[in-house]
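Notes to accompany the following structure.
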Amino acid sequence: MEGNGCGGSGATPRGVVGMHWAPVVTSPPSPQPPFLPPAPCRPDVQMQQQGGLTCLKLGKRPCFWGGDGAGQVAQGSGGGGGGGGGGSADQGKRKEKAATAVPVVPRCQVEGCDITLQGVKEYHRRHKVCEVHAKAPRVVVHGTEQRFCQQCSRFHVLAEFDDAKKSCRRRLAGHNERRRRSNASEAMARGSAHPHGMPVLGHGFPPYGLPTSSAGALSLLSSARATGPWLMPTPDISARSSAALDELIAENRAALLSWQFFSDRQPPPAGRPTGRSPGSETAGGWHAHLQARPPPPGAGGQHENQSGHVTLDLMQATTAAGGSGAPFRPVPARPPKEGGDAGCTSDAWTPSPMEGARVV
């Protein structure tokens, strides 16, 4: 027992020394890391994993990018390499299938028509109908008699068409309604263009001899109003009527003078008034006014303005048209207007009260 104890006691310090050997050593122990670093990952795998987080890859398995352990990352990288090989193989198979696939050629959908639509228009290719059956009044599609509507670009049953129309009833009704609406708006616009809402007569031209508007008549003597707006805004209807009558009288006198100029001093046909006496042939007409000396101030006739243009004054004294008709007397000149008629005399010639009104 003692020997054993001695032996034990002798072995005890040795064992104690052996148990306390590590702290007694003077050399410092090597520091142990708190955790193992993750396994190094290849740069290409790391780029693929980062790309999987920032982009959409539909139809592919996403990468496992987590911080749970390095083993999963390593397994994911290994599996990614295998998956990359499988993906490239799948892509190669898809390319082979696409190369070997025959393109579908569009054909006419009418039963019994096997015409390919390769060299036809894009319209017929898109709607799968040939040009002949697109205009046919009756075809068989899906076992039913139908007709191709040109506005809907599709086939309808025959009950949706009126007689031999190429468009269905619904589209034709909408088209007619739009046309009616546009015609009504145009008519309203034409009516609103007139001061009193009077519609345009005939084909847009007034009857011969009537003024072109209720506000006044177009004058042949006023060149400024011929190029610009010539409507005369007047307060009442009586003033407008007087202005229109003045314009018509002036136009009639201008026509008479032009006829005298082109008559070339020939005797007129029987029954046609000449508007001048037999002895006034040399005095009347335009030849008497083509003189180098300008007429005296206040006398009617032809005068030359500063620009060199020759102007015929129609309100001259009745030297040419005073033989057979009633004597006319000029009305006092009206004040100049704002429209540019400065310097023009009155366009009206009124008969004397003893002779009465007489308009040629």
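Note that Cβ sites are derived from N, Cα and C of the backbone, with glycine treated the same way.
Taken from Swiss-Prot as is:
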- Cys108, Cys113, Cys130, His133: Zn(2+) 1 binding site (BINDING)
- Cys149, Cys152, His156, Cys168: Zn(2+) 2 binding site (BINDING)
- 172-182: compositional bias 'Basic residues' (COMPBIAS)
- 74-98: region 'Disordered' (REGION)
- 172-196: region 'Disordered' (REGION)
- 261-306: region 'Disordered' (REGION)
- 318-360: region 'Disordered' (REGION)
- 165-181: motif 'Bipartite nuclear localization signal' (MOTIF)
- 105-182: zinc finger (ZN_FING)
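Structure coloured by features recorded in Swiss-Prot.
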residue : record                : Cβ within 10 Å
Cys108  : Zn(2+) 1 binding site : 23
Cys113  : Zn(2+) 1 binding site : 15
Cys130  : Zn(2+) 1 binding site : 19
His133  : Zn(2+) 1 binding site : 21
Cys149  : Zn(2+) 2 binding site : 21
Cys152  : Zn(2+) 2 binding site : 14
His156  : Zn(2+) 2 binding site : 18
Cys168  : Zn(2+) 2 binding site : 20
Item to check | Contacting positions for the compositional bias 'Basic residues' (172-182) when only residues 6+ beyond its ends and CB under 8 Å are counted | outcome: 151, 162, 165
Checklist entry - Distance between Cys108 (Zn(2+) 1 binding site) and Cys149 (Zn(2+) 2 binding site) at the Cα atoms, whole Å? => result 15
Checklist outcome for this item: Nearest by Cα to Cys130 (Zn(2+) 1 binding site), of the binding-site residues Cys149, Cys152, His156, Cys168, is Cys149
Item to check | Per-residue pLDDT averaged over the zinc finger (105-182), given as an integer | outcome: 88
Checklist entry - For Cys113 (Zn(2+) 1 binding site) and His156 (Zn(2+) 2 binding site), what Cα-Cα distance in Å is obtained after rounding to a whole number? => result 18
Item to check | For the Zn(2+) 2 site built from Cys149, Cys152, His156, Cys168, further residues of that chain with CB within 8 A of the site's CB center | outcome: Arg147, Phe148, Gln151, Arg154, Phe155, Glu160, Phe161, Ser167, Arg170, Arg171
Next on the checklist: Cα-Cα, whole number of Å: His156 (Zn(2+) 2 binding site) versus His133 (Zn(2+) 1 binding site)?
Outcome noted: 13
Checklist entry - Secondary structure at Cys108 (Zn(2+) 1 binding site) (DSSP, helix/strand/coil)? => result coil
Checklist entry - Could you tell me the C-alpha distance between Cys152 (Zn(2+) 2 binding site) and His133 (Zn(2+) 1 binding site) in angstrom, no decimals? => result 15
